[in-house]
Amino acid sequence: MVRFIFVTGGVVSSLGKGITAASLAMLLQAKGFRVSVRKLDPYLNVDPGTMNPHEHGEVYVTDDGAETDLDLGHYERFTGVTACKCDNITTGAIYSKLLKDERLGNYTGITVQVIPHVTNIIKDFIMSNTNGFDFIICEIGGTVGDIEGLPFFEAIRQIGNKLKNANCLFIHLTLLPYVKTARELKTKPTQHSVKELRAIGISPNILVCRAERNISKSAIDKIALFCNIKPEYVIPAIDQKNIYLVPIAYHNSGLENKVLNFFNINVVPSKLDKWYDIIDKIKDSNSKVKIAIITKYHKTQDAYKSVIEALNHAGIYYKYKIDVLWINAENLTEENINKKLLDINGILVPGGFGVRATQGKMIAIKYARTNNIPFFGICFGMQLATIEIAQNLIGIQDAVTEEFKIKGTKIIEKINKNCEDATIKIKNAHISKCTYSEAFECDASTVYTNIHEDSNNLSTDKLQIETNFRNMSDIEKTMRLGAYPCNLVANTIAANAYKSLEINERHRHRYKFNNEFQNIFEQHGVVFSGFSQNKQIVEIIELPELRWFVGVQFHPEFKSKPFEAHPLFIQFIKATIEYNKSNEQQ
């Protein structure tokens, strides 16, 4: 029988509900249980794909092409379980489905209301696709008291009433603010948060209290008394220097054992060797390298969350600390770049969209290329690298990308329908796992076929959804989302890094390198080391005569994990370490 665990938050947002849910999932896995983690977001956007990264952070892309909340990245990195679109839902997706069903007459003329119709969709989402799991952990976005979150809280309240304590547990994460003048942690906000939660019919079974310092026994007893919870079920969540220390901190507090005790499940020893190994490497990391990330969305680091973590994973691999220097590309010029990038060991240009800040990024790419500094370009970063090479190395002064809609030689062009299934979203998920959530993006014009990217190689493990193009915008038609296979060229940087000639990586782009220019690029030393299966889309470029200069069309950061760093990030950090050592010897 599957058991449901709901993680809610109070007092303030950004307390770490996603890290808590991911940590608990990992700790239960370490005891041999099968766990799925899901995120329910109350905002009205259908998905975060069109949201400003300054507001929402990065868009995390799953294998099956879903644009999801960045917390799914935490779930994958902590548990190693591949997420899919059925692990994330929003109010926008719910209302989109509900209104389509109403227009199609599926509600047979009755009055459609928040209760029961919206809440029923939420409950169906939570309780679907549970086969094969011992626990389903659901994180509810936002904080208790938010008006947009009320249908979600009502839905999980109803689930709790139906399943009772034997199969349902509520974890509430709150903040204990430290008041310097009083020299103590204040419990009153937590008390009021629990009061708010209980007012809508949910009594938390476990309280996780976030604090910047240790919580005294008297404070825990006070929280337990006023929140009607046993003291042993008040779990401290003390700030950690590294997020990968959080799971072990929860383990030391007995979080997973408290969960098992609540469900009357026998507690068995945990297998946490790989996590202790990670912690040892983090603590042994005394040396560091300095990486400049050339950003467009500079106001929040969450816009590049997976990139940061992938760098850290490679740092853990080599027992090196990664010192990230955030560079606002809009402020980067030929005149100030020497000063701004002083003493850096590597340059990374991540993905992005639009013309803003591109000039600064290209200046950084030129600086890396001409000064032989390790460079890594991801998605748009690779595209800009080809434009910089065209302009400054090959001599195509008017080289541009079609995305900017300006006159010039289009080195980067829009993906078209001839580019190997690039006009639709490939669904690479486990088909049996995603049966319910497909209803949120399919309508009567949708046709399902089981097909591989190569039409001559049928495969039942991939789901291709071909949607009526008349109902799609031009942007939707050309977006290439999700995991696609890629063939590598032997004896290249990429092939040596992966130790394989066939890989599978996640994509999120609607433009590609113009293959008409491949020959002239090769004549100037560029190696095209990765292609889509029919060679229509360039996936990887290299400048092998330099220390390390690689651009990739995909997003390798989405597949990196603390215990399995991505091979390209490993090689990039290796190059920065060697570059740093060579500078120290001079």
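Our numbering is plain: 1 for the first residue shown, then up by one each step along the chain.
From the backbone N, Cα and C atoms, a Cβ is placed for every residue, glycine too.
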Among Lys39, Lys217, Lys222, which residue does Swiss-Prot name as a further CTP binder in the site formed by Ser13, Asp146, Ile147, Glu148, Lys186, Thr187, Lys188, Pro189, Thr190, Gln191?
Lys222
Per Swiss-Prot, what member of Arg213, Arg480, Arg506, Arg510 joins Gly352, Phe380, Gly381, Met382, Gln383, Glu403 in binding L-glutamine at one site?
Arg510
Quick one: which of Asp71, Asp87, Asp101 does Swiss-Prot put in the ATP site with Ser14, Leu15, Gly16, Lys17, Gly18, Ile19?
Asp71
Roughly how many Å lie between the Cα atoms of His555 (active site) and Phe380 (L-glutamine binding site), rounded to a whole value?
10
Could you round the CA separation between Asp71 (ATP binding site) and Pro189 (UTP binding site) to a whole angstrom and send it over?
25
Please name which of the binding-site residues listed here, Lys17, Ile147, Pro189, Gln191, is nearest in space to Arg510 (L-glutamine binding site), Cα against Cα.
Lys17
Distance, Gly18 (ATP binding site) to Glu403 (L-glutamine binding site) (CA atoms, angstrom):
35
Can you give me the same-chain residues 6 or more apart in sequence from Glu139 (Mg(2+) binding site) with a CB-CB distance under 8 Å?
Val7, Lys17, Gly18, Ala21, Val37, Arg38, Lys39, Leu40, Asp71
Would you mind checking how many other C-beta atoms are within 10 angstroms of the C-beta on Lys188 (CTP binding site)?
12
